[in-house]
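K.L.:
What follows is a single structure, and I will ask about it in a moment.
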Amino acid sequence: MASEKVETVVAGNYVEMEREEDVKSTSTKSKLSSMFWHGGSVYDAWFSCASNQVAQVLLTLPYSFSQLGMASGIVFQLLYGLMGSWTAYLISVLYVEYRTRKEREKVDFRNHVIQWFEVLDGLLGKHWRNIGLFFNCTFLLFGSVIQLIACASNIYYINDNLDKRTWTYIFGACCATTVFIPSFHNYRIWSFLGLIMTTYTAWYLTIASLLHGQVEGVQHSGPTKMVLYFTGATNILYTFGGHAVTVEIMHAMWKPQKFKLIYLLATIYVLTLTLPSASAVYWAFGDLLLNRSNALSLLPRTRFRDAAIVLMLIHQFITFGFACTPLYFVWEKFVGVHETKSLFKRALTRLPVVIPIWFLAIIFPFFGPINSTVGSLLVSFTVYIIPAMAHMVTFASPSARENAVERPPRILGGWAGLYITNIFVVAWVFIIGFGFGGWASMVNFVRQINTFGLFAKCYQCPKH
């Protein structure tokens, strides 16, 4: 009976939001805006999750396979894909729990975007909020940095008249225009196009590598060193840890309670892109990838490769927006303009967020190794350990489990099975991802600094 009451509260508010959207969509202009700009359906959420999950990392996965070997590369993709889907599900459960409790208290969220740190604050208190805010913001900051580095790395293979550092300056200015995109509602057409772009690039890598064939004397010696092995594994941990923006994507939905399996379905699609492309490139080039973290650098220049680079550049702009938008929201709330209706005022307020991202991309231009470092030190906690622990603590008491809005999946064996799964995720990611992965990725990262130096003008550029 209690759960029926809860469902009524949740459904009532979401239906109210839908009605509001219907009113807005009466004119032709509003209908066009809704079609291309203002999304909130299950399909929008799926496109956002799939598009955001695999961007520049698609180009570094063959590099990870050269460190791990083919078998381990495939196993880690499947394992972390499943783990990532599970913790995204946990985040969605906690979001619905938080929102339901707040709406019972008559809190109105129509001019406010709920974020992960607010969910932690509402359910577990300020200490959890502060931890969540630190890890989430730091991860998204470096996630945005990685997109800028990737832009410079990719465009260099079309136009090497400018070095990668100069390209980083240029793309930093371009990506700053994302301050004008209000929220995740407004990524409808971009998410759709972004997924088409990565799909093209993934299948280009696969087909081009198979047609190219194996290079003469190709060797597949991985894994050879523990440092390389765990560096590769944490890059894959990073790949399937793109759900730091799950709460914001859910909040942009008309019916957030339908999010449950969206991330899993997005991950399944992403695996159809990452597994064939990484396997094919590694099969063709083998150990050459150990010194070429960007897979595009080994393929001959053709119009198809140039098309893949241009599409990835556009997609990295979109993914920069995905990673940066939650940071914009946090900054808006900090300076007190989040609920203002003036888009121009919000855009001006957001600009300072881009400056440190720009600066960090110039200091650490290590495309590939930086993914593993961010994966082990930040992603491990942000989207794996903290959500699993938060879920266990939230529903630790019998009364919390009794009144839970979302029950555990029956296939897991109820609450006991859910807790066992969560404990496994926390233990595995802490020991393998953060422990071994953190050690390996930091050793590799320091090696890049010693080899190329900070503020490297052109990281891994061939000598003219």
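Glycine too: its Cβ is placed from the backbone N, Cα and C atoms.
Just so you know, TrEMBL annotations never went through curation; they're auto-generated.
Keep in mind it's a predicted model, so treat the numbers as computed, not measured.
I grabbed these lines from TrEMBL:
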- 38-408: domain 'Amino acid transporter transmembrane' (DOMAIN)
- 74-96: transmembrane segment (TRANSMEM)
- 133-155: transmembrane segment (TRANSMEM)
- 167-185: transmembrane segment (TRANSMEM)
- 192-215: transmembrane segment (TRANSMEM)
- 227-249: transmembrane segment (TRANSMEM)
- 261-285: transmembrane segment (TRANSMEM)
- 307-331: transmembrane segment (TRANSMEM)
- 351-368: transmembrane segment (TRANSMEM)
- 374-395: transmembrane segment (TRANSMEM)
- 416-440: transmembrane segment (TRANSMEM)
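Map these features onto the structure and tell me what's around them.
P.N.:
Nonlocal intrachain contacts for the transmembrane segment (192-215), taken as residues 6+ away from its ends with a CB within less than 8 angstroms of a stretch CB, comprise 47, 50-52, 54-55, 58-59, 62, 273-274, 276-277, 280-281, 283-286, 288, 295-296, 299-300, 302, 304-305, 307-308, 311-312, 314-315, 318-319.
Within the same chain, residues 56, 60, 63, 141-142, 144-146, 148-150, 152-153, 164-165, 168-169, 172, 175-176, 179, 235, 293-294, 324, 327-328, 331, 445, 448-449, 452, 454-456, 459-460 sit at least 6 positions outside the transmembrane segment (351-368) and bring their C-beta atoms closer than 8 Å to a C-beta of that stretch.
If you look at the transmembrane segment (416-440), the same-chain residues 6 or more away from its ends with a CB under 8 A from one of its CBs are 83, 86-87, 90, 226-231, 233-234, 237, 372, 375-377, 379-381, 384-385, 388-389, 391-392, 408-409.
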K.L.:
Count the CB pairs under 8 A between the transmembrane segment (374-395) and each of 133-155, 167-185, 227-249, 261-285, 307-331, then give me the winner.
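P.N.:
Result: 227-249.
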K.L.:
What residues elsewhere in the chain lie close to the transmembrane segment (167-185), defined as a C-beta under 8 angstroms and at least 6 residues from its ends?
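P.N.:
Sequence-remote neighbours of the transmembrane segment (167-185) are 37-40, 48, 113, 144, 147-149, 151-152, 155-156, 245, 248-249, 251-252, 313, 317, 320-322, 324-325, 328-329, 343, 346-348, 350-351, 353-354, 357-358, 361-362, 365.
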